[in-house]
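Features as listed in TrEMBL:
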BINDING   35, 61, 105  Fe cation binding site
BINDING   134, 136, 169, 172  [2Fe-2S] cluster binding site
COMPBIAS  213-229  compositional bias 'Polar residues'
DOMAIN    4-124  domain 'NIF system FeS cluster assembly NifU N-terminal'
DOMAIN    132-181  domain 'BFD-like [2Fe-2S]-binding'
REGION    206-229  region 'Disordered'
């Protein structure tokens, strides 16, 4: 039995904003009934371009319903630019946490919001062509890459927990590992330290310490303020 927080239980037993918004400005749909997780989100903006109403329909487990329910509360009052910054980690945190095996429900929430916003803007979600990696759960390479990057996933098992990809026939495990390896390589490139020019080091070493400057009775150079600890 899963160890759910009180917040998850509350949103499951008393889900908020179930249904569909009339004449919505944004519509998003992810997952499928065949794989056991499907989520639909609709929202409407007010005259100030803030989300005034959001509703969901979900076919899934307690975590999926709770994640969708809390998401509809989170987005109300936000601009589109603010709403699109919501991540699956934000959704999970709003619920007081989720078991790792159920984190895919929060990822589903992030994905459906992304698609609803893309619908509002009149363009498909995602800036590049996507390849289907998992046929069982209809998960693309872009969705896997995003989940790996945002949640710092390092194993196929973790990717399955967060996206459900690989949880069916298992034929896509090799492709999932390729994505993990590629993301790991890209991460190492991004954090590679830069070498400091020897002349820069020399200038730093020659610079007088703040304490000595003050003791000498001199003032700080024009335009510089003393920084208090």
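Keep in mind that glycine also has a Cβ here, set from the backbone N, Cα and C atoms.
Feature map: annotations from TrEMBL on the structure.
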| residue | record | DSSP (3 states) |
| --- | --- | --- |
| 35 | Fe cation binding site | coil |
| 61 | Fe cation binding site | coil |
| 105 | Fe cation binding site | helix |
| 134 | [2Fe-2S] cluster binding site | strand |
| 169 | [2Fe-2S] cluster binding site | coil |
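In this structure, the CA atom of residue 61 (Fe cation binding site) is 20 Å away from the CA atom of residue 134 ([2Fe-2S] cluster binding site). Cβ atoms within 8 Å of the centroid of the Cβ atoms of 35, 61, 105 (the Fe cation site) belong to the same-chain residues 31, 36, 37, 60, 63, 64, 102, 104, 108, 164, site residues excluded.
A Cα-Cα distance of 17 Å separates residue 136 ([2Fe-2S] cluster binding site) from residue 105 (Fe cation binding site).
Of the recorded residues, residue 169 ([2Fe-2S] cluster binding site) and residue 35 (Fe cation binding site) place their C-alpha atoms 12 Å from one another. It is 169, among the binding-site residues 35, 61, 105, 134, 169, whose Cβ has the fewest other Cβ atoms within 10 Å in the structure shown. If you take the C-beta of residue 172 ([2Fe-2S] cluster binding site) and look for same-chain residues 6 or more apart in sequence within under 8 angstroms, you find 133, 134, 135, 136, 165, 166.
Counting Cβ atoms from all protein chains shown, residue 136 ([2Fe-2S] cluster binding site) has 17 others lying within 10 Å of its own Cβ.
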